[in-house]
Every structure is written in structure tokens, then in C-alpha cells.
Amino acid sequence: MKALHFGAGNIGRGFIGKLLADAGIQLTFADVNQVVLDALNARHSYQVHVVGETEQVDTVSGVNAVSSIGDDVVDLIAQVDLVTTAVGPVVLERIAPAIAKGLVKRKEQGNESPLNIIACENMVRGTTQLKGHVMNALPEDAKAWVEEHVGFVDSAVDRIVPPSASATNDPLEVTVETFSEWIVDKTQFKGALPNIPSMELTDNLMAFVERKLFTLNTGHAITAYLGKLAGHQTIRDAILDEKIRAVVKGAMEESGAVLIKRYGFDADKHAAYIQKILGRFENPYLKDDVERVGRQPLRKLSAGDRLIKPLLGTLEYSLPHKNLIQGIAGAMHFRSEDDPQAQELAALIADKGPQAALAQISGLDANSEVVSEAVTAYKAMQ
């Protein structure tokens, strides 16, 4: 089996690329970073530090790389069995024209073997969004052929990959946590389902998308916001602070109650999942900075994201939410000189006051009880 993976950054190499290579798939990375491309093509291998209770070093080998803006990537799309991405949500639109050209070439060459495309991004139904961009870039006479022969498969991904702190200055070395989860929507594949050991197939992807968003992402963000307010440097430092830990665990239990109501998750299994997430935040090898995890507070306070969406669920099912409120208040306090959204948030609160600002960012009713609760909590933190 041959695969092309867009994005040779830390997540591409340390997560999806590694899982594909470990499965014995012939893997080519596509990227714009010439230093990384040259290193991959010189060595055809790289090292991944996998850290948890212990640390081990795995070598990923037999890999190649091409520029994501040249003809090589178009040629590969015409030939491979699988295309994956880890480029970040904003970049999906930029790689769509190259994918479209490759699909046209595939059609022209008469290659009717199924191709499946999986965007592995930290977003909901990212592949469906990528499909929209690809379809817009396709000529009309290719669209029906693509619908017939190409599967656009949504996925949910979870692995903490902190920014590289390589002591060797090796552009390819990467550190990842032991935990990884790659769940894909098996209803969207064309042809036979692939046999990739680390890929989990489901016919209810949204349950797992929301489980991750409401637990890992919610907990990570609240740990960062409360940790920064308390003067902690890393996620580990913050989660070892008993006061912060109690709020983070409480918030994940509140959002978990929504998931259990909505999707029928087993309560004991979900409690164990929460404990596993807390353990991941404690990982001493992941020097994950609270400022990095907290950045983009406007996005994280928006209606469909990790703080407001679970809160809306608690309102829908009349469930408690006092810890989620603490997290939202903490997010409103987030300040960072390096983050434009943090500066915009501060300006908005200074201009409109916390009540109107939160309502504008989150879509919540300014006169609602929850906004009032969040503003009270926000003021109590000053």
C-alpha cells in the first residue's frame, strides 16, 4: 500500500506518518519546508521519542519526501492508495488545488482503484471541508468520477506533540506522548477498509469527536488558563496544583455528563478516560507551555469549541456546570504578547465590558444566567 501524507511537521512525522510507516505502508511526505524535505530524502528515516512512564526512541524508516507545490505531488496522487494530512485547518484550502490536479491526472491515466483521503486535523469533519475545497478546484467533467472513485473520510485524532526541544538540532527528531488515538468514519471509505493497526474504525464518529473535544481539549484549555493565572509555566505544573486539578477534573466530569446523556457512553469507562487524560497532562516528559496551549482564546471561546459547546450541552440537559464556568472565566483573563487573539480579547473586554464581550465571542445571550455566572467568576479572579 502506498500513501502520501501532507505535512512533515512534528505532528505529521510523530503521529500519522509514524502510524502509517509502522503499518508497513510505503510513505511519502509532502511539505514546503525544504530543510525537512532535504533531510528526509538524504536519510529516509527519523527518530521519534515516545514518552510516558518511560522514554523510548523509535526509528521510522523507508520514507521519502516531495514538495507539496511541485509536479511530483500531483503525480503521486494519481498513483497512491491513501492521502492523509496534518497541515492545520487553515492550510487545507491551500493544498486542495494540488489534490484536484492529482485527481484529474488519476482519471486521465484510467486509474480506477479506490483512493481514500483522510484529513487528520484538530477540527470537526475536516475531510468534509477539504472535500469542498477540492471539489471547487475540480473541472466540472471530473466531479462525478471523483465522487465514484475517491473516498473523503472524516477522522478524529488525539496525540499531544509538543514543540520540538531537540538538543541535537536535528530537524527531523520529534517527541510524542505514548497515547495516540486515530478514529475514522468507516462509512465514508471507497473499496475495502484498510488494515492499519493503529486506525480505529467507527460508524459514529461524532461521538468520538465530541468526547475528545469535551474532555482532552476542554481540560487542556482550562488547565492552561487557570495555570497561567496562577503563575505556572507548564501544563504539568498546573495540573499538579490541587486547586486547579479539582476544577479541571470537575469540568471534564460536567462535560462528560453531557456525553453520557447524548451518546450513551458508559459512565465508568468515561471516568477512566478522564483519569487517563489527567495522567497525560502530568507527563513529565511533555514540557507543554501553558501560554502555547492557551493561545487563540477567541476561537476557544466560540460557540462550537471546547468551552462553550459543553456548557451549551449542560444547559440542554439541565446539568451542573460550575467548573466549566470557572474555565470560561479563566479564558477571559488570558493575556499573551505573542498572541493576536489574546490582545483582541483584552481590547474587547476593555471596550465593551466582560458581559457584552463574552456574549459577542460566544454567541450566548448577554442577559442569560450563564453569562452572569461567568462574569461573576471573572471578576472574582481579578
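All residue numbers here begin at 1 and follow the chain in the order shown.
Cβ atoms here come from the backbone N, Cα and C positions, even for glycine.
What Swiss-Prot says about this one:
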BINDING   A3, L4, H5, F6, G7, A8, G9, N10, I11, G12, R13, G14  NAD(+) binding site
MOD_RES   K269  N6-acetyllysine
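Shown on the structure are the features that Swiss-Prot records.
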residue : record              : DSSP (3 states)
A3      : NAD(+) binding site : strand
G9      : NAD(+) binding site : coil
K269    : N6-acetyllysine     : helix
Hey, how far is H5 (NAD(+) binding site) from K269 (N6-acetyllysine), Cα to Cα, in Å?
33
For R13 (NAD(+) binding site), which residues in the same chain are close in space, meaning a Cβ under 8 Å from its Cβ, but six or more apart along the sequence?
F29, Y46, V48, V60, L172, V174
Just name the winner among H5, K269 (the recorded positions) by count of other CB atoms within 10 A of its CB.
H5
K269 (N6-acetyllysine) versus binding-site residues A3, G7, G9, I11 - nearest by Cα:
I11
If you count the other Cβ atoms within 10 Å of each Cβ, which of the binding-site residues G7, G9 comes out on top?
G7
Neighbour tally for I11 (NAD(+) binding site), based on other Cβ positions within 10 Å of its Cβ:
22
Return the count of C-beta atoms lying within 10 angstroms of the C-beta of A3 (NAD(+) binding site), excluding that atom itself.
24
